[in-house]
Amino acid sequence: MSSKRSRERNEDAETEPKLKKAFSDPRQNVHESKRAAEQSQYADSGVNLTYAVGCTEEENYDTVTLKDIIGDENLQELYQFNFTVDLHYLMENLDENVKTRAKIMVIHGMKESIPIIEATALMYPNVEIYSPKMMDRWGVHHSKCMILFCQKNSIRYARIAVVTANICYADWNKMCQATYRTPVLPLKSENTEAGELIGSEHGSPFECDFISYFRAYNMKVTNDLCEKLRLYDFTKCKAVIIASVPGYHQGRDVEKWGLKRLQHILTKKVDIVPECQKQSIILTQSSSVGKFTEKWYTEQFAVCMRGCRNPLSCSIPQVKFIYPTIEEVCESVTGLESAGFLRMDSATYEKLHSWFPSYLCKWEGKVGGRQKIMPHYKSYTRLRANPQTKVDATGKEVEARASIAWHLVTSANLSRAAWGDLQKNGTQLHIRHYELGILLYPDLWEEQETHILAANHQNPMPKPPDFVPFKEGNIIVPIRIPYGIPPRNYTSSDHCWTTAFVE
């Protein structure tokens with residue numbers, strides 16, 4: 001990483017002089033940043049929003065469909081991990097030439113639907129159905145992931161998608177969702193690169209973490225999957241796996257999963273970029289909210305979210321939660337039917353009401369092109385918002401609405417069951433659910449100094465705000481953010497959406 005930004009690995013005496021030098025003449029730095037931005041390179045994050053039928057063509061710019069992900073005409077095997085699976089809908093989105101011959105493995109977590117999906121599978125001889133065993137009746141398999149093994153002529157390749165959507169029509173057409181797709185993964189060769197972040201002689205960290213997660217299922221179907229995954233080259237994957245596995249985790253396993261996994265990666269790998277060190281906020285967002293206490297939210301959840309490798313250079317950021325108001329829900333495409341996926345239980349909210357509203361921010365998806373599409377999307381992001389986004393002569397935004405220090409897309413809702421609950425003086429982490437997500441941060445792009453910027457449908461290739469120390473040759477990684485930036489707190493007249501409105 002010698003060519004990367006000179007950020008501190010350790011908190012030492014060099015920190016202050018480096019920052020003073022970087023910001024010594026703001027006017028000169030702004031001029032240089034603007035000139036450098038004109039010559040910038042843009043890189044693909046792998047993250048996209050999904051297509052939504054209630055949006056305009058412009059709002060659906062650069063979105064993906066389920067068919068885009070699994071409709072490869074060269075598909076030979078598909079491993080489909082999810083919570084809820086409509087098998088007919090899954091098969092409809094496969095290429096016509098492979099839907100009867102490709103081998104389809106479905107690993108799902110909707111216990112109530114097991115008889116239905118197994119009966120439906122009888123119509124498709126090439127489909128196998130599996131359901132992981134759970135530790136207790138409150139745990140679910142909630143991870144959402146697709147692994148494709150393909151072959152074109154004699155060339156074999158694989159591709160992986162980590163998503164937030166269940167496999168059903170409504171999830172892929174009427175809700176705000178996100179996907180992360182790896183690059184095409186070729187078979188390994190003797191020339192597979194090694195590197196501090198993206199590769200090693202024993203396989204890339206992405207590969208090792210991905211396989212470790214599926215090994216934890218302790219099922220023959222996932223063990224077989226792991227052996228196949230080992231054949232492919234993951235070194236081009238610029239993402240880190242953040243997963244949850246049910247259990248009472250102790251010792252080294254505490255930092256392998258859930259909240260402690262995220263904190264471990266943030267603390268060991270992620271330097272908060274200079275522009276976010278003194279002014280940033282952590283925006284958390286999910287579609288369902290579990291039962292938790294103020295103590296868990298402030299002393300476990302928020303503490304882990306604030307992790308970083310350079311804490312002495314950073315102010316302590318607020319940790320906010322974005323959730324739609326009743327007005328936003330009622331004016332959405334799904335209206336009161338949103339209760340089917342916006343699971344803020346009224347009884348749960350009553351217990352949170354004395355303290356949680358001060359952490360709430362509105363959805364406000366207009367700028368993100370998702371004002372009338374309610375989120376089943378789950379994301380956790382540290383960013384610095386741009387309070388005065390510049391526009392061109394036509395009124396179109398040209399600057400990013402935020403600089404992003406890190407961004408996590410995941411299946412995990414805001415709950416102890418998904419993220420884990422520390423017990424026994426922090427020596428044990430109790431998790432109930434299977435969850436899967438991917439974390440992005442600038443240093444994953446080892447080749448050049450990199451800035452991750454918030455994009456939207458009207459500004460898909462944003463330029464950096466003036467406060468970003470941008471230089472010629474830097475890489476920009478745009479990530480489309482669907483909610484409002486800067487975030488707006490609930491006011492006294494706003495009411496959080498809960499299931500009470502449909503009970």
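Yeah, the Cβs are placed from backbone N, Cα and C, and that goes for glycine too.
Keep in mind that TrEMBL annotations are predicted by a computer and have not been checked by a curator.
Keep in mind the model is a prediction, meaning the values are calculated, not measured.
Per TrEMBL, region 'Disordered' is recorded for 1-41.
Among the features that TrEMBL reports, compositional bias 'Basic and acidic residues' is placed at 8-37.
DSSP gives His142 (active site, nucleophile) a coil state; it is part of no helix or strand. In sequence order, Phe83, Gly109, Ser411, Ala412, Asn413, Ala418, His433, Tyr434, Glu435 constitute the residues six or more apart from His142 (active site, nucleophile) in its chain with CB-CB distances below 8 Å. If you look up TrEMBL, you'll see His142 marked as active site, nucleophile.
Classification of Lys378 (substrate binding site) by DSSP places it in coil, neither helical nor stranded. If you look up TrEMBL, you'll see Lys144, Lys378 marked as substrate binding site.
The active site, proton donor/acceptor annotation in TrEMBL covers His376. Taking the Cβ of His376 (active site, proton donor/acceptor) as reference, residues of its chain lying under 8 Å away and at least six apart in sequence are, in sequence order, Thr164, Ala165, Asn166, Asp171, Met175, Cys176, Gln177, Ser287, Phe341.
The annotation site 'Interaction with DNA' is assigned in TrEMBL to Ser415. In sequence order, Ser288, Val289, Gly290, Lys291, Phe292, His433 are the residues of the chain that are 6 or more apart from Ser415 (site 'Interaction with DNA') and have a CB within less than 8 Å of its CB.
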Least surrounded among the binding-site residues, given as Lys144, Lys378, when other CB atoms within 10 Å are counted: Lys378
